[in-house]
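Peer 1: Following this message is one structure expressed as structure tokens.
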Amino acid sequence: MDPKTKNIVVGFIVVITLLALGLASNIFGGSLYPEFYDHSCPKAQEIVRNVVAKAVAKEPRMAASLIRLHFHDCFVKGCDASILLDSSGSIIGEKRSNPNRNSARGFEVIDEIKAVIEKECPHIVSCADILALAARDSTVLTGGPSWEVPLGRRDSRGASLSGSNNNVPAPNNTFQAILTKFKLQGLDVVDLVALSGNARCTSFRQRLYNQSSNGQPDNTLDQSYASQLRRNCPRSGGDSEPFDNSYFKNLMANKGLLNSDQVLFTKNGESRELVKTYAYNRELFFQQFAKSMIKMGKISPLTGYRGEIRKHCRKVNA
């Protein structure tokens, strides 16, 4: 091979390698970083924090709802704010899916955050990043850990009803089904157990009041515990409990809130040991929850010129 041809081949290989690295960086959130808005919208995080604080002060259970929105968003096509889109035209919104219908909430809080940010710095901050920040601030406001949120996501131009129905873990899933759904997102059993520690009323209300769509509770749930849960989790409302490790302590006492909860302690040795660890060590749970939230927040983000920065979080730009 003559020197000129060799240089061309080497250059081609370098370009392909850089493109591959760039693609991998996008898939795993490598192009996200906490300082993304430091110059373009320095007050963005303060605005999110203030609006979330006001909403949680007015309705404490809103914190859990905002965390859940971020979770349900990231598990469908990545963390791209697709969950916020209303159905319109060719878009069938994820709000209609089984995991979200009649339970996903907090959309008005996101709308308010977006409106204030648009006045401060128009067309700069994505709805996807607002979701990630709101989830972090909600955790902190209820006594949980804080973390630096990697930023720079862009918003999708579509939604996936089927993705929401199929990819979001369901309360009646087996342990293996849940773990498979986590692994498909690049998460592992450690992330599964840590992120499950945020279970709140909106997730287990069906088990308390209408397990088989017949208006009856789940008769396999410890009845004295069920009675206690109903006091804290009425048919509407609830979710005002502080963020702590009581979830894991309850699993060890055979008082899992969901069908999918107790299996973390009974069906897998590795998850059982993690449950024990977090039940006895709140700080370790907090540390891992923060790590897992950062990891989840990096699932398949749209960056660079992909996607858009929506002006209104409920609809794509014209």
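Backbone N, Cα and C atoms are what each Cβ position is placed from, and that goes for glycine too.
TrEMBL entries are annotated by machine, without manual review.
Quantities reported herein were computed from a predicted structural model and do not represent experimental measurements.
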Peer 1: Looking at TrEMBL, which of Cys41, Cys79 bridges to Cys74 via a disulfide?
Peer 2: Cys79
Peer 1: Give the mean pLDDT for the domain 'Plant heme peroxidase family profile' (31-317) on the 0 to 100 scale.
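Peer 2: A mean pLDDT of 90 is what the model gives the domain 'Plant heme peroxidase family profile' (31-317).
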Peer 1: Going along the chain, which residues six or more apart from Cys121 (disulfide bond) have their CB under 8 A from its CB?
Peer 2: Tyr37, Ser40, Cys41, Lys43, Ala44
Peer 1: Roughly how many Å separate the Cα of Glu94 (Ca(2+) 1 binding site) from that of Arg68 (site 'Transition state stabilizer'), to the nearest whole number?
Peer 2: 14
Peer 1: Please name the residue among the binding-site residues Asp73, Glu94 whose C-beta has the most neighbouring C-beta atoms within 10 angstroms.
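Peer 2: Answer by Cβ density within 10 Å: Asp73.
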Peer 1: Count the Cβ atoms, other than its own, that fall within 10 Å of the Cβ of Asp244 (Ca(2+) 2 binding site), considering every protein chain shown.
Peer 2: 15
